[in-house]
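Engineer: Here you go, one structure.
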């Protein structure tokens with residue numbers, strides 16, 4: 001079991017460094033794109049669509065707001081329980097490309113948020129999945145590139161965002 005755990009940890013570090021050690025031009029792109037998963041964007045989009053949207057757009061924005069709120073609560077609780085140290089603090093060669101963050105690493109809040117917003121729209125309007133899925137995925141990957149999350153933080157964040165959206169889609 002210890003061998004498997006060591007192997008998994010090594011694989012995660014390898015994947016982290018693969019994404020994190022990038023040229024400056026790529027870093028600049030990810031520094032921009034990561035904001036699409038931040039609070040301003042992920043709260044503004046559903047709010048604007050709740051106010052101005054009609055019909056199925058309004059209903060989907062409502063699902064999105066519930067998904068975002070519920071997933072945010074779950075992320076906050078998990079971060080306080082797990083208390084995973086961010087990779088740029090823990091790994092010797094990790095490069096942090098944004099101002100240091102004060103909260104914990106697991107799970108990724110940006111990844112959760114962007115998928116909490118994108119998933120209801122992908123479920124309701126499948127034709128826009130070809131646009132939303134790559135954007136949400138790039139935002140999630142940006143968190144590794146910028147050095148603030150391990151790959152498992154991002155994968156779990158994506159899963160939380162998708163699951164919270166599906167639950168809201170089914171129940172509301």
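Even glycines carry a Cβ here, placed using N, Cα and C.
Predicted automatically and left uncurated, TrEMBL annotations should be read as such.
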Engineer: Taking 29-52, 53-76 as the choices, which stretch does TrEMBL tie to transmembrane segment?
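Structural biologist: Transmembrane segment, as annotated by TrEMBL, spans 29-52.
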Engineer: Could you tell me which of the ranges 92-111, 152-171 is annotated in TrEMBL as transmembrane segment?
Structural biologist: 152-171
